[in-house]
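In what follows, a single structure is set out as structure tokens and then discussed.
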Amino acid sequence: LLCRDVSSNLLSSFPVAGLRGLTHLKLTGNRALQSLISSESFPELKVMEMPYAYQCCAFGACESHYKIPSQWNKEENSSSEDLLRKDPGLLQIQDERDFEDFFLDFEEDLKAHHSVQCSPSPGPFKPCEHLFGSWLIRIGVWAIVALTVVCNALVSATVFRAPLYLSSIKLLIGLMALVNASMGLASGVLAGVDASTFGSFARYGAQWESGAGCRATGLLSIFASEASVFLLTLAALERAFSARRAAKFQTSSCLGAVKVAVAFCLLLAMSVAAVPLLAGGQDGLSPLCLPLPFGEPSAMGYMVALVLLNSLCFLVMTLAYTKLYCSLEKGELDSIWECSMVKHVALLLFTNCILYCPVAFLSFSSLLNLTFISPEVVKSILLVIVPLPACLNPLLYMFFNPHFKEDLGSLQKQTLLWRRSKHASLISVNSEDIEKQSCDSTQALVTFAGAGISYDRPASSSLVPPARPVTEGCKLSSVAFVPCR
């Protein structure tokens, strides 16, 4: 056999016995065939089509140019062109037979490493060694994950546990913190995969990108991104209506209506995130678990649809705040903009819109077939720029909103009071036990003393009056150990 076409089957493994003479092999469409095939098993192979690009890494098709480990590089550490430019007298020193053997070995190395045409070829989104590709991206992703999880957890704790009354805008800020923390968790999963498969990602790339873990990570990432945009839009609309009502001395927005709108936003975000899973999820698969803005038409169309939806949300937010600015008079505007929450939502709107511009530009450039953006830049945008708003949103709230300091102080007071009350309850329980024991021992001593006195006194003397005041005194003294509530 020289040619073998077994494409579009359900193969989970491919035999190598008796097939060492194959020159053409086609295995595309076998999604269950995820293991690597050794290049030593097919020494005569010239053309091959594999189900995954990672399987071409074993045949020398990597992201960078393959370096040939020949005797030429070992002895002279220079390229073939440099050696040919040297003095021919250096080559004539060697024996003719040795030179012919040396040249034949070099041709065999070229055939072994450059004659195999394997597709699909690996690249930045189908890496052979590292998922992230560079230490700059790796350090940036780990920093974003750490700040996102810690800061959003702190913001959600201060919002939901500190205040006695939870307003509608604080409810939205707290929910945005929880959603942003989910984005940090999704990026943390990718960082963990990069660390666990460091240097040998080709072995696990096919299992990862087609497994349930990558699908869940992509679902969580898209849901967190879309829910953050929808909740920010709802917060902008809520601040605009609340400011107009406050200027007209009307009541603020109803918390129940805001909760219904929040439920609708979360349901819409989950529906948008579930579209790739419902569509089968086979088109545009990537180890980053995100839809790529190029390649398959379905994946590119989904990415462009997300960009258009988010652009519409940012347009609604901008129009709402522009109308708020134009509808209020100068004096009312100064008093309204003293509200920190209105300023905070405006700052969030500006920051998130600026950070979303590279993603929108990337999607529309791929739609217009503009190829001046390298895949490395696209990969850095998807890994760093997309989760960056989830990291900056809690930092903006912590540094520029005075409500955070108030809620943090209230949370610290609650924690301190809880510790004191727990400590006081333990002291009160212990003091009651000690007091009870002391009262029992005191009464026993009094009874014993009364019994001793009865031997000296007449039988008509009573033992109750001496014991009663002592017992009452014990009971009254225990009141002093009860903490004041």
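Glycine residues also receive a Cβ, built from the backbone N, Cα and C atoms like all the rest.
Any TrEMBL annotation is an automated prediction that lacks curation.
What TrEMBL records for this protein:
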- 135-160: transmembrane segment (TRANSMEM)
- 151-397: domain 'G-protein coupled receptors family 1 profile' (DOMAIN)
- 172-193: transmembrane segment (TRANSMEM)
- 218-237: transmembrane segment (TRANSMEM)
- 258-279: transmembrane segment (TRANSMEM)
- 299-324: transmembrane segment (TRANSMEM)
- 345-368: transmembrane segment (TRANSMEM)
- 380-400: transmembrane segment (TRANSMEM)
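Of the two recorded stretches, the transmembrane segment (380-400) lies close to the transmembrane segment (172-193), with three or more CB pairs under 8 Å once pairs fewer than 6 apart in sequence are set aside. Contact between the transmembrane segment (345-368) and the transmembrane segment (218-237) is supported by 3 or more Cβ pairs under 8 Å, counting only residues 6 or more apart in sequence. Of the candidate ranges 135-160, 172-193, 258-279, 258-279 has the most C-beta pairs within less than 8 angstroms of the transmembrane segment (218-237).
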